[in-house]
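Sharing a structure with you now.
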Amino acid sequence: MTTVIADHRSPGRPSVVTEALTGVSGLVRLIARRDRAVLGLWVLATVGLLAGAAASTASTYPSPQARADRYDQILAVPTFLVFQSRAFDDGVGALAAQQAFGGTTILAALGAALLVVRHTRGEEESGRRELLGSTVVGRQAPLAAILAVTLAAGVLIGVLGSAALISSGLPATGAVALGTVACGAAWIGAGMGAVAAQLTTRPALAAIGALGTFVVLHYLRGLVHLGGDRLAWLGWLIPNGWLEQVRPFADERWWPLALVAALTAALVAGAGALSARRDLGAALVAPRRGPATAVPALRDPLRLAWHLHRGSILAWSLGLAAIGSAMGAAGSAAVADYADLAWVADYASALRLSDPADAFFVYVVFVFVFVTAGHAVFLTLRLRTDEASGLAESLLATPTSRARWAAGHLGVALLAPVLLQTSLGVGLGVGAGAATGDLAGELTRGLGLALPLVPAVWVLVGVTVAAFGAVSRTAPVLGWLAIGIGIGAEIAVKAGVLPEAVYRAVSPFSHVSAYYRPTPLVYIGLVIIAGALIAAGIALLQRRDVLPE
Amino acid sequence: MSEPIEIRGLVKVFGRARALDGLDLTVTAGHVHGFLGPNGAGKSTTLRILLGLVRADAGRVDLLGGDPWTDATTLHRRLAYVPGDVTLWPGLTGGEVFDLLTRMRGGADPRRRAELVERFDLDPTRRSRTYSTGNRQKVALIAALAADVELLVLDEPTSGLDPLMEAVFQDCIGEAAAAGRTVLLSSHVLAEVEALCEHVTIVRRGRVVESGSLAALRHLGRTSVTAELAGESGALTDLPGVHALHRDGARIRCEVDTDRLDPLLARLAHIGTRGLVVAPPTLEELFLRHYDHSDLQASR
């Protein structure tokens, strides 16, 4: 078909390639205009992560001795290998690169994959692609336009990231290498997003697929290191391993970047080929049919909410259980080895813990409780999306009251953190139990650390509901802001820049922190606050208009 | 017994926009009532107030003998609603959505469900995200029509349906009316309103500009007359109520106020006719005339 057109085209006619790409420049401007905030935020956050790692490494390990200790610690504690990266040297730059690698590459890939999916499959599903497709826009133009924007943004991350590292006093060569690694991660993420968008008709699935692949490959890269030299060859099959092998600030190796560029080109070409072969709206994996009648249980808002959310709750629970068991296994061994090291003892005493092993698990649980909290807020915000989309209108026109509708999503949003934290606790317990042999004891410890954080998550659910009840559109802003404040306060108070009183006032998580030795009264208080916020939200919801947008 | 829907002096203000500005509406039990008006006239807002989703700023609303804002849950047992823009749960199939909605209303007869699925030619095993606009509307329509309720509130329910399904819809509404149900039908499809509704209310900028039985409204309108004449027509415009006269040789075309039809017909008979077409005023003419008129007023 292509050759026929090519053979018969008259001199003045555009080539097939030009034809397919007509309208790219206009689309590029449209994307840049629509998503300038998202693009800016993503680029700055990624660059900020790089710069932050450089600054914190310099301040946390000021002396050569401290850096040498840290280097030994990274070599010995598998967690750092799995979650972050190998360290190739004990200089400030190499340690900063080690600390930044995991977070930076994942954030760079995340932004790129989400943007590409949003502007390809997302636009197709919403029907906007069809509207655009009827104008003078070539078949491949939307894919080409978002790839152009995302790859360019990746280069911008590289340039700004290098500049930030150089300005913090690190050697230029290493800075450029680390910046380029971040750029390479964004490129791989964009390529994976582009391919995933061709495979399924569901944007969310494409985004999770692309991102999940990148994150899983990151952990595989780490696990391969645990296998020692025997498995080293396997590392060369993993793109994240190529990025790691650039070794910024440690006698940089540039040639693995060629592999990254080649992979990006292959992914882009593959996505283009798939996109050229399929119909608009179709995918490689066709949507499946479902049951013609609903199961008898599907009859009220609570069970509807459970039906809608159970898949995501299961997936997140399994994820937390897997992470928990990896951390439990790796952590208990490492902490046993390092219990007498100064930094572990310092950390434990800072948390007022007598057992240094507890310190490590408290740290893990306090990091991952924000995942649980994010998921709970996400579930709560279904109230807002239901209202905006008109689903609430359909439900409320039946004999379902507003309170029952809200209670449906809220019931699941309150249950989910219990399930997720239980999974995390069980994961930690099983992992640590397998390592130490004391399964019952480790399970008790894991659950004992993970579950008491649930009331703090409930408070965030309460904040989100109260905002939703008052003014619908403030709910996402306040809900995510509450989580942002929680994470920010946690970091700021550890870094010593936030007064303790403020930390106690703004973060519900502070009150369940082991440091403040919470009494049963604290938990009851948090439950009462969450309950009062939820009651206020539902009461306010009764008084306002429920309108789709 | 009071009527199923009685609205007096309804006012709703969104920010600075006055969506409803003293709207009155009465729907008689057992009637199919057409609710017409251009986009943004306040039709959907009225229906949402009737459903208790939106609170009126002023005015009195009486729905099935209760207050839709305070008694929403109780009243909703006795009505079914199809929104103008049907959204479904993307991961549920059409059949699941249908069962969910009817169960929340207290359940539906499975035979009735099967019959409606068959008549509307809907594949209930497809996920809602794969449905077209028309198919999403069918799911909501089937759920509403299968419910054993006194009142159907339908907001432009056929905007996405093809002509075949439009005919099925009209049959179903006819059956609902025959079974004694009351229907409030907001619509842009004038042929549909003409075929189904005994009464119509036309709104414009949040106020009612015309309301009454279709027959009475027709009476207010103009009949169009086209005649092939045997002789010279002369000055027909001297007759009262004759407007817009066009002459094309022996052929004349004009509009005449319906209550002034007789003198014109007598004159035409006197001249002698070879052919005569007398068409009653259509809803479309009424509708357009009303809006043109209002537009002129509004632009002044």
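The backbone N, Cα and C atoms fix where each Cβ goes, and this holds for glycine too.
Take a look at what TrEMBL says about it:
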- A:37-55: transmembrane segment (TRANSMEM)
- A:100-120: transmembrane segment (TRANSMEM)
- A:141-166: transmembrane segment (TRANSMEM)
- A:172-197: transmembrane segment (TRANSMEM)
- A:204-224: transmembrane segment (TRANSMEM)
- A:254-274: transmembrane segment (TRANSMEM)
- A:313-339: transmembrane segment (TRANSMEM)
- A:359-381: transmembrane segment (TRANSMEM)
- A:412-435: transmembrane segment (TRANSMEM)
- A:447-471: transmembrane segment (TRANSMEM)
- A:478-501: transmembrane segment (TRANSMEM)
- A:521-541: transmembrane segment (TRANSMEM)
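Please situate the listed features within the shown structure.
Sequence-distant contacts of the transmembrane segment (A:37-55), counting only residues of its own chain at least 6 positions beyond either end whose CB sits under 8 Å from a CB of the stretch, comprise 92-93, 96-97, 99-100, 103-104, 107-108, 111, 115, 149, 153, 156-157, 160-161, 164-165, 168, 170, 178-179, 182, 186.
For the transmembrane segment (A:100-120), the list of distant contacts is 31, 35, 38-39, 42-43, 45-46, 49-50, 52-54, 83-85, 142-143, 145-147, 149-150, 153-154, 157, 161, 178, 181-183, 185-190, 192-194, 196-198, 203, 206-207, 210-211, 214-215, 218, 240, 243-244, 275: same-chain residues at least six beyond its ends, Cβ to Cβ under 8 Å.
Remote same-chain partners of the transmembrane segment (A:447-471), defined as residues 6 or more beyond its termini with a Cβ less than 8 Å from a stretch Cβ, comprise 324, 358, 361-362, 365-366, 369, 372-373, 376-377, 380-381, 383-384, 406, 410, 413-414, 417-418, 421-422, 424-426, 428-429, 477-479, 482-483, 486, 508-509, 511-512, 518, 523, 526-527, 529-534, 536-541, 544.
Within its own chain, the transmembrane segment (A:478-501) has Cβ neighbours under 8 Å at 56, 366, 370, 373-374, 377, 380-381, 460, 463-464, 467, 507-510, counting only residues six or more beyond its boundaries.
For the transmembrane segment (A:521-541), the list of distant contacts is 402-403, 406-407, 410, 452, 455-456, 458-459, 461-463, 465-470, 508, 511-512: same-chain residues at least six beyond its ends, Cβ to Cβ under 8 Å.
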Counting only residues 6 or more past its boundaries, what in the same chain has a CB within less than 8 Å of a CB in the transmembrane segment (A:359-381)?
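309, 312-313, 316, 320, 323-324, 327-328, 331-332, 334-335, 344, 347-348, 351, 353, 409-410, 412-414, 416-417, 420-421, 424-425, 428, 432, 445-446, 449-450, 453, 456-458, 460-461, 464-465, 468, 475-476, 479-480, 482-483, 486-487, 490, 509, 513-514.
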Can you work out which residues elsewhere in the same chain, 6+ from the ends of the transmembrane segment (A:412-435), have a Cβ less than 8 Å from its Cβ atoms?
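Result: 302, 305-306, 309, 313, 316-318, 320-333, 361, 364-365, 368-369, 371-373, 375-377, 379-380, 382, 441-451, 453-454, 457-458, 461.
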